[in-house]
Amino acid sequence: MSTVPLLSVENLSISFGGLKVIDDVSFTLEQGGRLALIGPNGAGKTTIFNLLSGVYRQDAGHVRLGGQLIDTVPSRQRIGFGMARSFQNIRLMPHLGVVENVMLGQHSRADRPGGLLAPLSFLGRSKARAEAEALLAEMGIEVMPGQDVSTLPYGIRKKIELVRALAARPRLLLLDEPAAGLNGAETEELMAFLDRISASGVTLLVVEHDMGLVRSLCTRAVVLNFGRKIYDGPTAEVQRDPLVLEAYLGPRHSDKSEASDVA
Amino acid sequence: GETIKIGNIVASSGFLKSVGESALTAFDIAVKEINDAGGVNGKPIELIRFDSGSDPRQASVGARKLIQDDDVLAILGPFSSGEARVALNDADRFKVLMIPTAASAPGLTDDSKYGWRLTEDESKQFGRLLAALTASDIPHETAEIVYVSDEVVANSAGTQLYPALMKEAGIEVGEPIPVQFKSFDVSAQVATIMKKNPDVVAVAGLPQSASKVIKELRRQGYEGRVIGSQIFADPNIVELFGPEGEGTLVVAGFWPGRTDAASTFNTEFLSQLEDKGIHKLGAHHTDAQAYDGVYLLKQLMEQTGVTGDEDKLDEERAELAAAMEGVSFNGIVGDNICFVGHDAELPGYVIEVTGGEWTKFAEAPADKCD
Amino acid sequence: MLLEVRDLEVTYGRTRAVQGVSFGVAQGEIVTVLGANGAGKTSLLRALHGARKPQGGQILFDGEDMTTLTPAARVARGMALVPEGRQIFVSMTVEENLLMGGYMRRDDAVHGDLAAIYDRFPNLAERRHMKATVLSGGEQQMLALGRALVSRPRLIMLDEPSLGLSPLFVEKLFDLIRELNRDGISILLVEQNTHMALEVAARGVVLELGREMLSGPAAELAANPHLAEAYLGAA
Amino acid sequence: MSGYWIGIITILAINIVFAYGIFLAVATGQLNLGGAGFQAIGAYSAAWLSAEMGMPLYVTIPASILVTGLIGFAFAFPILRLKGVYLVLGTFAFAEVVVGIIINSDALGGAMGLPVPDYIDWPVPVAGAVVAALICFYIMSTRLGLVVRAVHDDDVVSDLMGVDVRMVRVAMFALGAGLAGLSGGLYAHAYTYVEVQTFNSALSIYVLLYVLLGGAQTPWGPMVGAAFFTLVPELLRNLLPQMKVAVMSVFGVEGAVTPPDESWRFVLLGVVTVLMMVFRSEGLVTRQLVERLSHPFRRRSSNATQKEAEA
Amino acid sequence: MLLVQQIVNGLMVGSVYVTVAVAFTLTISILNFLNFTIPTLFMVAGMVGWGLAYFGLPFGLSGPLAWPLALAVGGLASVLCSLLVERFTFRYMRTRHGDSTEHAIPLVSSLGFLLILENLIRIFYGSDSQRFPGPSSDLTAQIGGIFVRIPQLVSFAIVMLLILGLVWMMKSTRIGRGLRAIAENPDAASILGVEPNRIVPVVFMLTGLLCGLAGALFAVNYGEVSPQMGEDIGSKAIAGMVVGGLGSLWGAVAGGIIVGLVEMLTIHFFGADAVQVAVWGALLVTLLMRPQGLFGHNAIGKGKL
Ligand SMILES: Nc1ncnc2c1ncn2[C@@H]1O[C@H](COP(=O)(O)OP(=O)(O)OP(=O)(O)O)[C@@H](O)[C@H]1O
Ligand SMILES: Nc1ncnc2c1ncn2[C@@H]1O[C@H](COP(=O)(O)OP(=O)(O)OP(=O)(O)O)[C@@H](O)[C@H]1O
Ligand SMILES: [Mg+2]
Ligand SMILES: [Mg+2]
């Protein structure tokens, strides 16, 4: 009902050692929206995620979540505001099992008193574990006991990261290249999955280089180049923007017809 | 049983390995002699041995094992004060006689009912040394004390016994100077001593600590005497100290020349160690005391007529322990040895290291017991 | 054949990641290996490069049996790997990373090669003295690529090189692959970007659960309906 | 029961409690090489209360936990700012300082040590070990345990998952210190004497070794590690003479064989330790092992699916 | 005057710590490995040197050797032991832990070696202190009334030369680069053709050499060796290394000397009992104020151990 956007980024800037990595970037994302954050390598997309989740502290600008200023909220508490993320370089916990990695994602929700000390697994049965297993099953990930996450194939690990973020039941999901390492068919499955997530009310902010996914999943795109916003508008038109074409997509995308591009 | 079983806790591994092994050899000699001569009450003695690895907790394990599992009548050992302190509690709890070997910490047996030591008091021995020093023409107006602060016996000797005795003997003595057991460089301590350049430096510490202090003293040009009591009175210091050790005065509780038996033991002891590849210059008084410990037990066992039978175990243990009260014993360390409290009164031999030899400088008979 | 693989087996405990795979890469040829997640592509490359001992089979490079040689020996003979997950040295600078690529080289021309790589990857040139840890994901991928090139390989094995690269840069990457190939370097390409991989490659091998499912000329594979369904996604 | 085994079990039980104390810190990724310091604090608290204040056991033992836990808590804040080797050496320095202070304090007996009036027999240390084990097993099976392991693996991601990394580290460090203190309290009463020389740096190293060799991924590790280091030398006590006889007979030597040097026990212990690490480098017990063992059924079923797939 | 002598004493002791501290720094900064066998290697050099000078080669192969020769062989023994440690600790860590960073493993194995070496020495040479038959002449010089130990000066000079060589090696040679790569990411390093099994032993050889040198010079200097001789030096050298900072060899030099000075001045002003608290307290304070030590690099030594 509210007209306040779920996420609003206002004049965000950060520099490292004199290098302006994010330069006065603003955009908003309404509740339930699907926004793609794209741009060439090193444009600052991951840096934006790091600013949103509090890994970095911005030099200037503000971030609002649901209208509330979260600039001073410590990174640890941001997930409690309903914001969960995945990482570009997979960061699963190597010594936790697959299910346990997902259960870690539920941590921010365990707010009932004594929650920290409630047993998680008594003879393998418990709500948290069951829920995590169900989520995994939904992604089609089968769990073998004792399987080391670090030995899993890249694509599977990427999916587990996504499930871990989902386990926090976020309002806003930040995904950093979710389709990296997936082939065409797998990317389609992922799209369908994200569609369902989005339909259930979760807002998506996706960094992705797979334009097929970007265009069929997201309605709007923000394009960064050298830390500046160079485009903000519907995904359908992004590849007609000359600036974007030159900096990001390359000639191939402008030449080809849309149909073959989706593949 | 076929044999009379005696427990024997030794340190044959860990940092006390070498000294523990000497004591072990002394035990074996005594047992073999006794058994060759027909044993005790018609039965051979059997030493049941347990290695404590120089660890007090293992000494306690050993005591319990020997007492509860092996049904020994009494226990010889453990070796060090640290081990004895823990194991003596077990002896008292199970009411079994225990005679530690080299544990010379002051007051160790004060609260113990079943622990007895064939060990002479450090302060008494040092007093004898001072008496010999006073009687000699060695200058001794001023003195400094160096002690190993993290070693129980040395600490109490250096901070309490030595200063008191020296003041009593009219020697002007400075504040005791601590060194740490593990530290290898004592140049800073010695530099402060050299500033005062005393006639005598008293060292309270085990041979390796004493050796460091003495070498450093000589290096910095000290020319007076170094004295110490029985803590480092090991015949091997002659070699360990080397030429720097010349003139050192110590007090030993054993003199091989005292009786034929003593010298026989010393010779046998050295040859057995040589066979094991251990090079020793003479028996340490703790080795002699270990040897005598076996004979003391033999005397007690003969006196009480123990049989070593399993069904009489408890009463025979009690008899043995009770027989220690008022006992008088002849051994290689001395004759008519008696006990005050639970510690023996032993003679002292003031030893001087001269010309690379372990020579007798003076001697003092054992004190009388009342 | 420059590289010849015969009945290769790679297992991890009970998991049989590669089961009896055979194929070859001719001098100056581009061969692509396709397959779903967990098909065993990475395991195959690890075995080819010597990071993982194969449990069976044979690897021939230039007619020489490589099966028991160390990775160093393989690098010395001209094999290079751009590994999955980039594996760059994060505490070293960009330039040091590139120099590490020339570890096995004994000549002095390395610095000249670096210049060529900086030309190709301007992002790296700008950040040559920065610690590699601050690079963006795509920049790290470029670094891993550049590093492999510094060793002047005869055969370069790429494990999902387009991962994390922007579309424009993916184009450039495939141009680069063609260019390298024109210079006579053989390429073994593992890719999830099936379309482009088949476009650039002469031949392809498709793995499924560690087994060789299909293989043949790339054009044939691209036309294969089964493959389209399994890997390309509905168009 | 055999006196020997009572003695060994007492040592083992105390070692297990001690190992769990270090385990809790190690489980969060903080190698604590100050074990001896914490055990000393526990032992001296109990000893002093018992000897000087005449306090009964049910005061001294809890006090040993409490005092050490509080000191651990206070120390955790500054020390846990350190990372990696610096942290290891910081905790090591802490233990040295503790021992240095004790040896200089006359109230605690200095180098002389303190006698402890109250004796406890083996059931108390064993109970202590059981309690410590239960606490650790329980913690590791809760969400807190999950979080502890997550912090061990990656503190940045844990933080983003909403985990209060600092709180978890401090809490585990302090709780671990408390358990190490308990082991000290038990030590004081089981051996009725404490002397500071016992709490040397080798002790800190060994207890960390128990945890690392046993495996720090699951609470089984410290128990197995402590048992390994306590029992292997004991096993060799009996085995070694037999081994020597066997070896001698191979070389054709008959008859009585002198017992081997006892130090060989420790040489062999070292050899076995090195070999263990060669073959099981994450520690004897890993999470994978525990999971496989506790789900034998699931393993079979997944094997079956794999076979189906292969077929 | 006395104070000057004490400062000189501090520098002298410090120079003993320096050699061992450099050995520690070498393995920790290159391989991120706290090598607990270092004090033992130091002891092995001294004890084996003594054993050869006293008994000669085992199995009656020779009579007592001349002390310089004996010490040289003792140093060699320490190098060999160090290589053995590498063979069974670091090598297995790499092969079995291709992609993980569990550096605690070699830590445990190195303790296993500590047990083995220490007890073997006890078995063959006993647990007592022994006099080392050094050069017959007095090696103390008196400069303006201040006592200076010649062997320590010599050893300090040798160590300085060694460090210069090490710094050059790490900076400018292929081995140096390969070692850095292995330390950071053994998997990636081997992909590029670095062979850990060939170049990691170099570090262990150097470690053994440093320990052997330190042990030999110690024996000459103090005229005494014992199976416990490594313990105090080991922990003080660690303190020195940390004070100096883990990344830097020069830091280890400075740290070792600082620890020596702190020790001797504490003894002078407060007595030996205060040394433990002073040295380790100073270390703790340094760490809390400057967590990377005086000269340490920020990144080194913070990896997961
Ligand atoms: N901590 C840092 N210090 C210095 N520079 C940094 C830091 N973090 C990021 N950068 C620089 O900022 C730029 C943007 O990085 P970022 O990771 O946000 O890019 P990106 O848009 O996610 O790119 P990609 O698509 O390749 O992942 C990069 O050039 C990177 O080198
Ligand atoms: N170190 C390992 N230990 C155990 N199993 C492993 C290990 N590495 C890989 N595997 C298993 O081997 C199989 C093949 O994995 P591999 O990484 O080769 O797949 P992939 O084809 O490269 O997948 P992706 O495209 O996702 O990278 C998988 O089942 C994986 O779980
Ligand atoms: Mg990125
Ligand atoms: Mg792969």
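Glycine is treated like the rest: Cβ placed from N, Cα and C.
Caution: TrEMBL annotation is automatic and unverified by curators.
Below 8 angstroms of C-beta separation, residues 32, 35, 38-39, 121-122, 125-126, 128-129, 132-133, 135-136, 139, 148, 172-173, 175-183, 186-187, 190, 207-208, 210-212, 214, 216, 219, 221-223, 225-227, 229-231, 234 of the same chain, each at least six residues beyond the ends of the transmembrane segment (D:6-26), sit close to that stretch. The transmembrane segment annotation in TrEMBL covers D:6-26 (among others).
The transmembrane segment feature in TrEMBL is assigned to D:33-51 (among others). Remote same-chain partners of the transmembrane segment (D:33-51), defined as residues 6 or more beyond its termini with a Cβ less than 8 Å from a stretch Cβ, comprise 18, 21-22, 57, 59-61, 63-65, 67-68, 71-72, 88-89, 91-99, 102, 107-108, 114-118, 176-177, 180-185, 187-189, 194, 196, 198-201, 203-205, 207-208.
Within its own chain, the transmembrane segment (D:57-77) is flanked in space by residues 38, 41-43, 45-47, 49-50, 94, 118, 120, 124, 128, 169-170, 173-182, 184-186, 188-189, which lie at least six positions past its ends and keep a Cβ under 8 Å from the stretch. Look at TrEMBL and you will find D:57-77 (among others) tagged as transmembrane segment.
Positions annotated as transmembrane segment by TrEMBL: D:84-102 (among others). Only residues 6 or more beyond the boundaries of the transmembrane segment (D:84-102), in the same chain, are considered here, and those with a CB under 8 A from a CB of the stretch are 30-38, 40-41, 44, 75, 108, 110, 196, 199-201, 204.
Under the heading transmembrane segment, TrEMBL lists D:122-140 (among others). Long-range contacts of the transmembrane segment (D:122-140) within the same chain: residues 6, 9-10, 12-14, 16-17, 20-21, 23-24, 27, 57, 61, 148-149, 179, 182-183, 186, 189-190, 218-219, 222-223, each at least 6 residues beyond the stretch ends and with a Cβ under 8 Å from a Cβ of the stretch.
The transmembrane segment annotation in TrEMBL covers D:170-191 (among others).
Residues or ranges marked as transmembrane segment by TrEMBL: D:203-232 (among others).
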